[in-house]
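**Q** Pulled these from Swiss-Prot:
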TOPO_DOM  26-244  topological domain 'Extracellular'
CARBOHYD  Asn32  N-linked glycosylation site
CARBOHYD  Asn104  N-linked glycosylation site
BINDING   Tyr121, Ser180, Tyr181, Thr226  histamine binding site
DISULFID  Cys160-Cys174  disulfide bond
CARBOHYD  Asn173  N-linked glycosylation site
BINDING   Tyr181, Thr226  4-aminobutanoate binding site
TRANSMEM  245-266  transmembrane segment
TRANSMEM  270-292  transmembrane segment
TRANSMEM  304-326  transmembrane segment
TOPO_DOM  327-451  topological domain 'Cytoplasmic'
MOD_RES   Tyr403  phosphotyrosine
TRANSMEM  452-473  transmembrane segment
Amino acid sequence: MWRVRKRGYFGIWSFPLIIAAVCAQSVNDPSNMSLVKETVDRLLKGYDIRLRPDFGGPPVAVGMNIDIASIDMVSEVNMDYTLTMYFQQAWRDKRLSYNVIPLNLTLDNRVADQLWVPDTYFLNDKKSFVHGVTVKNRMIRLHPDGTVLYGLRITTTAACMMDLRRYPLDEQNCTLEIESYGYTTDDIEFYWRGDDNAVTGVTKIELPQFSIVDYKLITKKVVFSTGSYPRLSLSFKLKRNIGYFILQTYMPSILITILSWVSFWINYDASAARVALGITTVLTMTTINTHLRETLPKIPYVKAIDMYLMGCFVFVFMALLEYALVNYIFFGRGPQRQKKAAEKAANANNEKMRLDVNKMDPHENILLSTLEIKNEMATSEAVMGLGDPRSTMLAYDASSIQYRKAGLPRHSFGRNALERHVAQKKSRLRRRASQLKITIPDLTDVNAIDRWSRIFFPVVFSFFNIVYWLYYVN
């Protein structure tokens, strides 16, 4: 019983296959090629290419499939991308239906010039072409029910308006807009053939700077002054790969910024080394900025990478200005202020010593004369102007006090009074020398700027990086 039913089912299902095989053999048989030729001639005879299928009736439904071969280039400068694809359209034309041969007919690509085809075009196309090696890459396939499958291998460069505010941490949406040029929705309708499976090959695409995160298929109608037109949109969501920019832009900028801090560990009086290092790092950052601007369009807003390079440039430039500040404090403003203070102290000391000598030396036992003191002060000023500012303190050492012995005998009372007077003068000179020493800038005060810079610059730069990456990555 079951065997009989099984054999019956096998006979029912195998009958169409047997018929198809017989027909295929009959078609491929050279003796029956005349039948195929007569069928094609009959279909093309009287066919009017100027009229769409079902002219005057319902609109022609055109289904579309896209098999993406590659995305060759995404250009930020030109705001476009280049796509190579197999573009297929299918519609039904009752004028091309046949029942003599129950098989599909794949015809020569030149037959497409004798049939009606949709006036499809790419709305955001800049430049497109159909491949022609070794012959024009077109396909025409007819089905017995009149369905026509029309395929093309196309390379198109389509416009893609990009928002580069977050470049190179950005995501872009690039679309391919497909539309009918002349036929309105009263004559033609577009739809994605196979719904979500209408576009294939996306997952196989590999781009050097981007990753395809997602894609969407959109069907809509657009209204112009000439009527309503069908439109299909294929939208790619592209995420830029940051690896290239880490190696080519971010890491060099970070290393150059850190290199500019080396000057904080170089001695303050090594002007040639510190200035050369600062200028070199500034020029290197300028070169990186210039190279980056050449690879991007001239846009009116600031990009994320501009913010980072600008921040690095500021840190490098501030490191150069830091040495200018140290140099000015030690070799500029400091010595001028020290010289003025030394002159005031010397003048006051000379005047007071002259008055005291005139009043308290009846026995002609005096300190160094005013002329000798002035000469010694002039010598100290010359030393201060030519050498290290610390050397000015040497002019006021107590050992420079000299006495001139009188030729006349002295009483013990006068000797004691003179000794007390000399002791007072020595003490006063020591105090003057101590005050002058205090006004001289210590090297530790100048080096403190470098010590603070060694901490301040890395901390602020680290904070800048944390804020930058948290903001643009999230």
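Cβ coordinates are placed from backbone N, Cα and C, and glycine is handled just like the others.
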**Q** For the recorded positions Asn104, Thr226, work out the Cβ neighbour count at 10 Å and name the residue with the minimum.
**A** Thr226
**Q** Around Cys160 (disulfide bond), how many other C-beta atoms are within 10 angstroms of its C-beta?
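**A** Summing over all protein chains shown, Cys160 (disulfide bond) has 21 other Cβ atoms within 10 Å.
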**Q** For Ser180 (histamine binding site), which DSSP three-state class applies?
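**A** In the DSSP reduction, Ser180 (histamine binding site) maps to strand.
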**Q** Given a 10 Å Cβ-Cβ cut-off, pick out the one of the binding-site residues Tyr121, Tyr181 that has the most other Cβ atoms nearby.
**A** Tyr121
**Q** Under an 8 Å Cβ to Cβ limit, what residues of the same chain, 6 or more beyond the ends of the transmembrane segment (245-266), are close to it?
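**A** Cβ under 8 Å, 6 or more out: 168, 273-274, 277-278, 281, 284-285, 288, 292, 305, 308-309, 312, 315-316, 319-320, 322-323, 450, 453-454, 457-458, 461.
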**Q** Quick one: give me the count of other CB atoms within 10 A of the CB of Asn173 (N-linked glycosylation site).
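**A** Excluding its own Cβ, the number within 10 Å is 16.
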**Q** To the nearest whole angstrom, what is the C-alpha distance linking Tyr181 (histamine binding site) and Asn104 (N-linked glycosylation site)?
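**A** Between the alpha carbons of Tyr181 (histamine binding site) and Asn104 (N-linked glycosylation site) there are 30 Å.
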**Q** Roughly how many Å lie between the Cα atoms of Cys160 (disulfide bond) and Asn173 (N-linked glycosylation site), rounded to a whole value?
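**A** So the alpha carbons of Cys160 (disulfide bond) and Asn173 (N-linked glycosylation site) sit roughly 8 Å from each other.
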**Q** Relative to the Cα of Asn173 (N-linked glycosylation site), which of the binding-site residues Tyr121, Ser180, Thr226 has the closest Cα?
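**A** Result: the closest of the binding-site residues to Asn173 (N-linked glycosylation site) is Tyr121.
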**Q** Beyond the listed site residues Tyr121, Ser180, Tyr181, Thr226, identify every same-chain residue whose Cβ lies within 8 Å of the center of their Cβ atoms for the histamine site.
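**A** Going along the sequence, the neighbours come out as Asp119, Glu179, Gly182, Tyr183, Tyr229.
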**Q** Calculate the distance in Å between the alpha carbons (Cα) of Thr226 (histamine binding site) and Asn104 (N-linked glycosylation site), and round it to a whole number.
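**A** So the Cα of Asn104 (N-linked glycosylation site) lies 38 Å away from that of Thr226 (histamine binding site).
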**Q** Using C-alpha atoms only, work out the spacing between Asn104 (N-linked glycosylation site) and Tyr121 (histamine binding site) and round it to an integer in Å.
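**A** Rounded to the nearest whole number, the Cα-Cα distance is 27 Å.
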**Q** Looking only at Tyr121, Ser180, Tyr181, Thr226, which the record lists for histamine, tell me the maximum pairwise CA distance in angstrom.
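**A** The span, Cα to Cα at its widest, is 17 Å.
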**Q** Tally every other Cβ atom lying within 10 Å of the Cβ atom of Ser180 (histamine binding site).
**A** 21
**Q** Take every residue in the topological domain 'Cytoplasmic' (327-451), average their pLDDT values, and give the whole-number result.
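**A** For the topological domain 'Cytoplasmic' (327-451), the model's average pLDDT rounds to 54.
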**Q** At the Cα level, what's the spacing in Å between Cys174 (disulfide bond) and Tyr121 (histamine binding site), rounded?
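**A** Pair distance, Cα basis, whole Å: 17 Å.
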